[in-house]
């Protein structure tokens, strides 16, 4: 029977992480458990930086972006000797289990800790929406709002100057955020990691639009596919139309979480604690068809490539 749990946020931050921490803390306290907040993810766990949390520790946190516990990427956690120190730090405080909030890298850490005797439950927190076992991740919908707002603003100035605008969106190797934002923002062209990309074909499509009388256009592209500044110069040279690239960058991770992310994070935080109380370990929570679900972390890590929303792309192309 667990009496003390720890909670940490790891990897890239996402709007709604504070709401998830709040869900963990308030649910645990309602079940008479003690909760320790661990600062800066696995790095703080290794450095033994943690503090006891009460219900007031998470007051006024549900609407705040970022994570008040802090987050960090800590590649050293892959080393067994580093994890052994982390486990010893937990044992010294008699912390029985952990809730880990983050993306696939955070899942790997939770998987390894579980194998070392620390029961872990993972919560998907990333704007990329690239984690298996869930329809949506915490932060995705807030980032989507941010991206669409940026696209709306770009459309205003692109229209004024009859310009082609390229907007680079986060997502790593998953195009969910780009695709949804492109549909909501009315983008004329979409470049995703899930589809074959040739700049020559993109230029041909843009040129065809110009010949039909299109005065401006917005191209939404997922990060890491190409150098968007070079792509902008290439398009401008081939079309003789002013072209500018905008990299949204880390602004996509900031801001107060939207309503859906607050609810999702609260539900996931509470559910993670419930699973620990029931004796589960090495699991990751998710939402599927609006219901809370859980899967083995190991299975999720084996199937991280999400099913591509091909029907969404087909719809988007009809709306160009």
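Each residue, glycine too, has its Cβ placed from N, Cα and C.
These features come from Swiss-Prot:
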ACT_SITE  128  active site, proton acceptor
BINDING   12, 73, 74, 103, 104, 105, 106  ATP binding site
BINDING   22-26, 55-60, 155, 186-188, 212, 214-216  ADP binding site
BINDING   104  Mg(2+) binding site
BINDING   126, 127, 128, 163, 170, 171, 172, 223, 244, 250, 251, 252, 253  substrate binding site
What's the longest C-alpha separation between any two of 12, 73, 74, 103, 104, 105, 106, the listed ATP-binding residues, in angstrom?
13
Provide the three-state secondary structure of residue 186 (ADP binding site) computed with DSSP.
coil
Run through the Cβ atoms and count how many others sit within 10 Å of the one on residue 251 (substrate binding site).
14
For residue 244 (substrate binding site), write down the residues of its own chain that are at least 6 apart in sequence and whose Cβ falls under 8 Å from its Cβ; none is a fine answer.
163, 164, 165, 166, 232
Is it possible to get the count of other C-beta atoms within 10 angstroms of the C-beta of residue 73 (ATP binding site)?
16
When the recorded positions 104, 128 are compared by other Cβ atoms within 10 Å, fewest goes to 104
May I ask which residues of the same chain, at least 6 positions away in sequence, place their Cβ under 8 angstroms from the Cβ of residue 170 (substrate binding site)?
127, 128, 143, 177, 222, 223, 248, 249, 252, 253
Using a 10 angstroms cut-off on Cβ to Cβ distances, just flag whichever of 22, 212 is the loneliest among these binding-site residues.
212
Restricting to the binding-site residues 56, 126, 216, which ones have a CA within 10 Å of the CA of residue 104 (ATP binding site)?
126
I need the nearest neighbour of residue 59 (ADP binding site) among the binding-site residues 12, 74, 103, 172, using C-alpha distances.
12
Compare all C-alpha positions of 126, 127, 128, 163, 170, 171, 172, 223, 244, 250, 251, 252, 253, the record's substrate binders, and send over the largest distance in angstrom.
32
Candidate nearest residue 186 (ADP binding site) in space, where candidates are the binding-site residues 12, 105, 172 and distance is Cα-Cα
172
